[in-house]
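Below is one structure, written out as structure tokens; the observations come after it.
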Amino acid sequence: MAAPKVAVVGAGVIGLSTALCITETCPSCSVTVLSDQFSPNTTSDVAAGMLIPHTYPGTPIHVQKQWFKETFTYLFAISNSAEASEAGIHLVSGWQVFKNSPKEELPFWSDVVLGFRVMSKAELQKFPQHQLGHAFTTLKCDCPPYLLWLEKRLKATGVQIYTRKVSDLWELHGEYNVVVNCTGIGACQLVGDEKLFPVRGQVLKVHAPWVKTFIRDGDGLTYIYPGIHRVTLGGTREKENWSLTPDPGTTKDIFDRCCSLEPSLRGAQDIKVKVGLRPSRQHVRLQKEVLSQGGVKLPVVHNYGHGAGGFSVHRGTAKEAARLVGECISALQGSSSRAKL
């Protein structure tokens with residue numbers, strides 16, 4: 001068969017990195033990215049971009065760890081390259097502190113991040129309300145530059161990128177051999193996924209260049225994540241809340257919570273408020289499906305539902321989605337060669 005045509009629907013971090021992995025694993029493919037929204041208007045643009053995994057209850061831990069490890073390794077290599085600044089990726093050290101002992105003594109990802117250790121008593125003096133904590137170095141991704149860097153990489157490999165609203169995956173049949181669904185919260189409408197729900201996140205982006213160390217409270221509801229130009233303060237987890245309008249009361253609450261961890265933030269300037277809807281479900285939907293109408297088939301690969309942890313595992317799930325696309329193409333090539341016999 002001629003060069004297989006693959007459409008990736010969605011241009012957040014999952015869609016763009018999946019498209020890139022497909023070009024790397026299936027170089028004979030013609031890949032196109034279709035989306036009605038691109039940076040700076042995606043959910044990914046609001047994300048804090050810290051590589052600290054969130055746990056998916058429905059996914060085996062060893063699988064989550066593999067996704068995180070692949071993502072960390074990939075971004076660490078970029079952070080060690082001349083492209084680090086353009087891609088918005090840098091190492092950041094800091095503390096995760098707890099008022100009560102966490103259920104697990106060590107998180108599953110403790111040997112993937114760098115220099116993970118228990119905090120000393122001297123360090124804990126900074127946090128009088130907390131009784132223990134972990135210190136480590138991880139990676140921080142400033143999301144808008146990273147999305148633009150991914151787009152640039154895609155264009156350099158010949159990927160076509162078009163603004164297009166896809167209302168039904170079947171409308172791509174006839175144009176493409178395989179379709180990859182990376183639409184995040186859009187999959188609620190696009191494929192009618194009732195297991196998917198929004199978790200509203202409101203964050204503040206502030207100018208506080210003296211804050212160099214990240215601080216994360218407990219399970220990560222309150223956090224201070226220094227980026228290259230701005231510090232991200234968070235956050236909220238409001239299940240089933242679809243509102244994209246910033247809430248002033250929530251802004252004050254986030255700011256006060258963060259100042260209780262880092263009082264110097266009272267002097268932060270130029271506070272910008274951002275809201276995003278995390279596409280959440282019990283586990284990431286990462287699977288093949290064959291749509292069929294009137295005996296005609298369209299292979300689809302789904303890769304969405306990453307919730308609050310998309311950046312931490314985006315490269316790992318993109319590699320898996322690309323592998324599934326490869327399986328779809330092999331099946332198509334097998335059936336077309338059988339048809340010739």
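Keep in mind that glycine also has a Cβ here, set from the backbone N, Cα and C atoms.
TrEMBL: automatically predicted annotations, no manual curation.
As annotated by TrEMBL, signal peptide applies to 1-19.
Marked as domain 'FAD dependent oxidoreductase' by TrEMBL: 5-324.
Long-range neighbours of SER44 (FAD binding site) (same chain, six or more residues apart, CB within less than 8 Å of its CB): GLY12, VAL13, ILE14, CYS143, LEU147, GLY310, PHE311. Residues or ranges marked as FAD binding site by TrEMBL: THR43, SER44, VAL166, THR183.
The 10 Å shell around the Cβ of ARG278 (D-dopa binding site) contains 24 further Cβ atoms across the protein chains shown. Sequence annotations record features per position, and here TrEMBL assigns D-dopa binding site to TYR223, ARG278.
Taking the C-alpha positions, the distance from THR183 (FAD binding site) to TYR223 (D-dopa binding site) comes to 27 Å. For the binding-site residues THR43, THR183, the largest tally of other C-beta atoms within 10 A is found at THR183.
Taking Cβ-Cβ distances under 8 Å and a sequence separation of 6 or more, the neighbours of TYR223 (D-dopa binding site) in its chain are ALA48, MET50, PHE214, ILE215, ARG216, ASP217, THR232, LEU233, GLY234, GLY235, CYS258. Straight-line distance linking the Cα atoms of VAL166 (FAD binding site) and ARG278 (D-dopa binding site), rounded to a whole number, equals 20 Å.
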